[in-house]
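Quick look at what TrEMBL annotates:
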{"type": "TRANSMEM", "residues": "B:6-26", "note": "transmembrane segment"}
{"type": "TRANSMEM", "residues": "B:76-99", "note": "transmembrane segment"}
{"type": "TRANSMEM", "residues": "B:119-140", "note": "transmembrane segment"}
{"type": "TRANSMEM", "residues": "B:160-178", "note": "transmembrane segment"}
{"type": "TRANSMEM", "residues": "B:190-210", "note": "transmembrane segment"}
{"type": "TRANSMEM", "residues": "B:239-261", "note": "transmembrane segment"}
{"type": "TRANSMEM", "residues": "B:281-303", "note": "transmembrane segment"}
{"type": "TRANSMEM", "residues": "B:323-342", "note": "transmembrane segment"}
Amino acid sequence: MESLSNRRKVIESKPLNFLERAYLPAIAQGLAITMKHFFRKPVTISYPEEKREFSENFRGMHSLKRDENGKERCTACGLCALSCPAEAITMIAAERQKGEEHLYREEKYAAVYEINMLRCIFCGLCEEACPKEAIYLDGDIVPADYLRKDFIYGKDKLVEAPLNQ
Amino acid sequence: MGLADIAIKFALIIIIFLISLVIAMYSTYAERKIAAFFQDRIGPNRAGPWGILQPLADGGKMFLKEEIIPTNASPFLFIAGPSLAILTACIGSAVIPWGQTIIIGTHVVPLQVTDINVGILYIFGVVSLGVYGVMIGGWASNNKYSLLGAIRAASQNISYEISMGLSIIALLMVTGTLSLKEIAEQQHGWHWNVLYQPVGFLLFIICAFAETNRTPFDLPECETELVGGYHTEYSSMKLGFYLFAEYINMFISSAVMATLYWGGYNYPGMDWVLAHTGPTIAPLLGVVVMFAKVFLFIFFFMWVRWTIPRFRYDQLMDLGWKILIPLAIANIIVTGVWITFIK
């Protein structure tokens with residue numbers, strides 16, 4: 001069968017000839033290979049100054065979206081929490097009061113919405129489960145922290161910035 | 001010998017000492033940078049522009065680290081080990097001719113600390129003393145693994161010193177002198193010894209790798225088998241001295257190889273430069289050429305480090321005793337026949 005990479009080599013186990021046993025041609029060959037690398041461009045990305053671009057389907061930190069009028073899309077239906085295999089999402093629903101129509105899209109909204117980033121496995125099922133297109137994993141890498149409690153992200157960290165800002 | 005001559009000699013000693021220290025210091029930087037280039041990385045680039053202050057930062061760190069002497073170790077020998085290693089590494093530079101004579105005022109100054117007529121023997125004596133540094137360090141640590149590492153290092157160095165000495169004998173048959181200055185002068189023009197003694201040079205460079213404990217012969221400090229080798233118990237600048245001694249050794253052996261085989265300070269077109277620019281520029285250019293050759297060899301040491309994997313210990317001993325020594329003896333015989341019947 002043709003190999004997929006076309007780099008397959010058939011290994012022969014016949015005894016080495018004199019040049020091969022002398023080892024020096026092999027060393028010269030090796031030196032040539034390393035010398036080729038000497039002039040190659042470094043692949044290093046100097047991280048804090050320079051960031052690697054994520055691929056388009058990279059799943060990073062969650063964000064709760066707003067609609068085109070700046071209202072929160074989430075209606076606290078709980079489907080994301082239900083679909084979460086790691087049980088990382090918890091929420092408390094509340095009813096929208098008069099005068100809050102510009103804040104929330106529908107009558108019900110999430111008063112508290114928390115994701116435990118230590119439990120989250122970034123599978124993206126919450127994204128898929130959401131009927132309101134309210135949650136996306138389109139953020140950056142979750143930053144490191146010192147305390148476990150700081151990894152429970154509330155709405156302050158999850159909700160997108162308001163439109164007028 | 002007047003007072004001025006003594007002052008000039010003293011200045012020369014200080015300059016060569018400082019040069020070897022600075023080169024050893026920047027070899028650590030070059031090692032890391034070159035290693036990085038061979039692995040498609042960037043290497044140290046934080047301390048100063050392109051990271052050129054990195055050796056100073058490393059040195060400062062080494063001096064500030066906690067100094068530990070094991071409870072049951074002999075403190076005197078424990079300190080004597082690294083001191084001996086660096087001392088023997090440094091005094092090898094005394095007989096290497098860095099250039100021809102230059103004239104300062106009315107004084108004729110040879111660019112060599114001392115031209116003793118047994119220069120090569122002196123180098124060999126000093127190099128073999130270096131084993132004591134390793135051995136005493138490993139013994140004084142009062143640690144089995146250090147002792148094992150030291151024994152490995154000592155037996156490796158002694159084994160390869162034999163074939164090194166034998167490879168030199170063929171060269172001495174060609175040159176007829178032990179003085180490094182004379183050997184360098186004989187290679188004037190294109191009479192570089194590497195053209196007459198290619199096999200001898202090959203043997204010598206292999207042994208030089210083994211003597212300086214560089215890859216693929218870096219078994220004395222084989223961390224996967226022996227924790228750290230002979231310097232397991234060493235910390236702070238005492239460890240630094242061991243590592244520093246390795247880099248000075250590398251510099252000195254590069255200089256010896258350049259002098260013995262690659263023409264030393266001689267370069268093509270030397271007579272033309274001498275005739276056209278006077279008696280100062282040409283020798284100074286010779287010094288530059290000498291250092292260029294030395295740097296090329298140091299680069300070669302580092303180049304090989306990223307190419308060849310480390311030997312297994314029995315392979316190392318096989319190579320030393322069963323291949324290099326017979327090859328060196330065969331080289332002596334062939335050289336002898338050549339000198340007697342053809343030349």
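Each residue, glycine too, has its Cβ placed from N, Cα and C.
Counting Cβ pairs closer than 8 Å and at least 6 residues apart in sequence, the transmembrane segment (B:119-140) and the transmembrane segment (B:323-342) reach fewer than three and form no contact. Remote same-chain partners of the transmembrane segment (B:6-26), defined as residues 6 or more beyond its termini with a Cβ less than 8 Å from a stretch Cβ, comprise 55, 59, 90, 93-94, 98, 104, 107, 109, 111, 113, 244, 247-248, 250-252, 298. If you look at the transmembrane segment (B:160-178) against the transmembrane segment (B:190-210), you find at least three C-beta pairs under 8 angstroms, all six or more positions apart, and that counts as contact.
At the 8 Å Cβ cutoff, the transmembrane segment (B:239-261) and the transmembrane segment (B:323-342) share fewer than 3 close pairs (sequence separation 6 or more) and do not count as touching. Through the fold, the transmembrane segment (B:323-342) approaches residues 160, 162-163, 166-167, 169-170, 173-174, 197, 199-200, 203, 206-207 of its own chain, all at least 6 residues removed from its boundaries and within a Cβ separation under 8 Å.
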